Amino acid sequence: MASTTVCSAARIRVASSQVLRSIANTRTYATTSPESSIPETKPTAKRTPTTFKDKLNKGPSFSDFIGGATEPPLSPDEAYALKTALVGPAGKKKEITRLPSWLKTPIPDSSSYKKIKNDLRGLNLHTVCEEARCPNISECWGGGSKAAATATIMLMGDTCTRGCRFCSVKTSRTPPPLDPHEPENTAEALSRWGLGYVVLTAVDRDDLVDGGARHFAETVRRIKGKAPNILVECLTGDFSGDMEMVSLMAESGMDVFAHNVETVEALTPFVRDRRASFQQSLSVLRGAKAANPELITKTSLMLGLGETKEQVLDALKQLRASQVDVVTFGQYMRPTKRHMAVHEYVRPDVFDMWKEKAMEMGFLYCASGPLVRSSYKAGEAFIENVLKKRAKERIGGAVEDSVKGKDVLL
């Protein structure tokens with residue numbers, strides 16, 4: 001009986017192993033394909049020429065480079081035409097406009113740049129260089145052997161109560177309260193940076209009774225107290241047209257009073273916040289000059305927003321009639337997709353033309369170029385072309401008076 005049971009168990013094991021082998025032979029796996037689905041191997045076809053190879057074949061040969069170009073150079077219109085490119089994955093490519101070569105700038109990296117940036121973070125200070133994404137930050141903060149570093153400090157926080165359509169600064173109807181330590185912190189930072197020229201600007205604070213003018217003016221006084229040799233330019237808002245606050249700022253001890261009209265009068269309603277106007281900006285500039293006739297007044301316009309030549313000329317005439325001393329022209333560059341689109345990339349020779357026009361009209365100085373901003377390289381351009389000139393005239397007049405026996409106070 002026992003032997004019969006053992007034999008039966010052996011037969012079952014043999015049968016089971018045969019079934020398992022059969023199943024294993026017919027099982028399919030995710031990494032294998034049915035024989036019928038395996039494609040036949042075909043000889044590799046000759047690779048089709050790529051777009052890049054086609055361009056090389058159609059382009060100039062080595063002998064062309066040696067022998068010199070035989071075709072005439074591009075016209076200015078062709079040379080400065082907008083460059084486009086397709087970017088993105090297949091099926092979702094988008095056409096983008098490439099920046100012209102004259103609008104490209106180096107990545108910021110220098111010891112002066114790093115020192116300024118670290119101090120800003122440590123003292124909780126802001127700059128319009130960063131907030132407005134200025135393309136010149138590496139050049140201005142870095143300085144050089146022939147030019148002092150410049151920086152534009154943005155006072156009263158990083159949140160503006162207005163919403164201009166060209167500006168990337170944050171906006172809010174109720175921004176945070178003012179930092180009472182900011183005037184002293186700003187003066188302390190600037191006194192140890194070794195700057196030759198500083199530009200102070202501020203967000204608009206329509207939520208404050210004085211628009212922040214007293215806070216702004218106190219900062220100027222603190223800076224002059226700690227570093228009297230630093231030249232201070234103040235780029236102010238319009239203080240809602242309050243001439244008392246404009247006068248307070250003009251008499252704070254600054255060297256340059258700047259207020260930007262930003263664009264031509266016809267485009268102002270479409271470019272700037274509805275609370276700003278071209279005529280109100282002119283009144284601010286006139287008010288500053290009236291409060292302090294020795295003050296240099298300055299403004300800036302962006303080009304590339306769709307303005308016409310006649311509109312720019314009209315703006316210059318009105319600015320000169322308002323006794324504005326200095327004007328700058330720069331290319332408008334769209335900071336984000338939610339801001340106004342660029343209407344045109346203005347050619348460098350057009351900027352040169354506007355500089356000549358401004359100087360012919362009697363402006364003391366004009367900085368004009370695609371990358372010029374209101375405070376662009378102020379320490380280099382402004383000191384050399386305006387402030388030093390006035391200082392020499394003042395010294396010359398003092399010497400003449402001294403020769404005549406008059407009491408002179410320099």
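Just so you know, glycine gets a Cβ as well, placed from its N, Cα and C.
The annotation [4Fe-4S] cluster 1 binding site is assigned in Swiss-Prot to Cys129, Cys134, Cys140, Ser375. Among the features that Swiss-Prot reports, [4Fe-4S] cluster 2 binding site is placed at Cys160, Cys164, Cys167. For 29-39, the entry in Swiss-Prot reads compositional bias 'Polar residues'. The feature domain 'Radical SAM core' is assigned by Swiss-Prot to 143-364, with sequence analysis given as support. The region 'Disordered' feature in Swiss-Prot is assigned to 29-49. If you look up Swiss-Prot, you'll see 1-29 marked as transit peptide.
For the recorded [4Fe-4S] cluster 2 site, residues Cys160, Cys164, Cys167 set the reference point as the centre of their Cβ atoms, and the other residues of that chain within 8 Å of it by Cβ are Arg162, Gly163, Phe166, Ser168, Val169, Thr171, Val203, Asp204, Asp273.
Counting Cβ atoms from all protein chains shown, Cys160 ([4Fe-4S] cluster 2 binding site) has 23 others lying within 10 Å of its own Cβ.
Around the Cβ of Cys167 ([4Fe-4S] cluster 2 binding site), a 10 Å sphere holds 22 further Cβ atoms from the protein chains shown. Around Cys164 ([4Fe-4S] cluster 2 binding site), the same-chain residues six or more apart in sequence whose CB sits under 8 Å from its CB are Glu262, Val271, Arg272, Asp273, Ala276, listed in sequence order. Note on the domain 'Radical SAM core' (143-364): its mean pLDDT in the predicted model is 92.
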